[in-house]
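**Student:** I'd like to ask some things about the structure below.
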Amino acid sequence: MKEPVRKEPVRRTTYRVPQAPRRRSRPSRSGTLNTGKLLVPSALTVLAICAGLSAAKFALDGRVHLCVAMIAAAALLDGLDGRVARLLGATTKIGAELDSLADAINFGVAPALTLYVLLLQGNDVGWLLSLIYCCAIVLRLARFNTLIDDDDSPQYTKDFFVGVPAPAAALIAILPIGLEQQFGEGWWTSDAFVGGWMTFTALLAVSRLPTASLKSYAVPPNALVLVLIGVALFAAALLTYPYALMCVAIGAYLIHIPFAWRTKRWVASRPETWDFHPRERRAERRAIRQVRRGRPTKSSARLGLRRPGGPHR
């Protein structure tokens, strides 16, 4: 018998593929973009601080026009930084704290120092009233920070400020400067009026009077053209008659306070409207007023309905 042939095992040769050298990891582009988004709102706040401090410097130099312009620029930047932060999703704790410190400087220290230097210089009582105004603005900001985290309040309270906001209070406080630049010296530049006006503004800031928030108002699409025309007219008036426009705007803001108080009182007495959109609440109020006056609503007028007991044709 033949012996079976033994097969030798096949030896396989393995080769190692040379690996490419590892590259150092680079920071991701998305991380850089996120950091940039976080810096934009804070940069606007820092610019607002620079504007407020520049207003104080220009007041010391006697350059009234630049002083008022810097306070207005600080108010504009204060309104932009929060909206930009929410738009970019870059709201941070440090941004909120920085915004409060900026408001204390821009709308507390700068207007108080401006009024004292330009209209109350050398008056010890005027300096005391300037301190009272500045402290009132700081207290108003502290109260605002505590109300932000209050989740127990009804939803409709978010549509109103408690007291006059700090930017509006700063513009109201410098009204005597605008009157002086527009009409010259008069009783509105006297120490008694300026001091009393500062005290009145300080009381508005720390009061609990409701004032309307611009967040509750939206521009309807069919009124966009009218709004753009209004913005163009506002810009033209701002360049031509800046102080007259400032006085008119401050007067209009003060006139709106009783209406805001009445609106909040109306909403508070009707819990069923607490979750409504502000536009829906305004429509509800108009409908109620039309019913009380006995006027037909738009829907009934379109259907050709008439009031019961009316004249028949």
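Here the Cβ of each residue, glycine as well, is placed from N, Cα and C on the backbone.
According to TrEMBL, the compositional bias 'Basic and acidic residues' annotation covers 1-11. What TrEMBL lists as compositional bias 'Low complexity' is 302-313. Positions annotated as region 'Disordered' by TrEMBL: 1-34, 289-313. Positions annotated as transmembrane segment by TrEMBL: 38-56, 125-148, 160-179, 185-206, 218-237, 243-261.
A description of the local structural setting of each listed feature is requested, covering burial, neighbours and distances.
**Tutor:** A Cβ distance under 8 Å defines the sequence-distant neighbours of the transmembrane segment (160-179), meaning residues of its chain 6+ beyond its ends; these are 64, 68, 71-72, 74-75, 78-79, 103-104, 106-108, 110-112, 114-115, 118-119, 133, 137, 140-141, 143-144, 147, 186, 188-189, 193-194, 197-198, 201-202, 204-213, 216, 243, 246-247, 249-250, 253-254, 257, 260, 264.
Sequence-distant neighbours of the transmembrane segment (218-237) (same chain, 6+ residues past either end, Cβ-Cβ under 8 Å): 244-245, 279.
If you look at the transmembrane segment (243-261), the same-chain residues 6 or more away from its ends with a CB under 8 A from one of its CBs are 68, 72, 160, 164, 168, 171-172, 175, 178-179, 181-182, 209-212, 234, 237.
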**Student:** Six or more residues out from either end of the transmembrane segment (125-148), which same-chain residues have a Cβ under 8 Å from its Cβ atoms?
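**Tutor:** Distant contacts of the transmembrane segment (125-148): 96, 100, 103-104, 107-109, 111-113, 115-116, 119, 161-166, 169-170, 173, 191, 194-195, 198-199, 201-203, 205-206.
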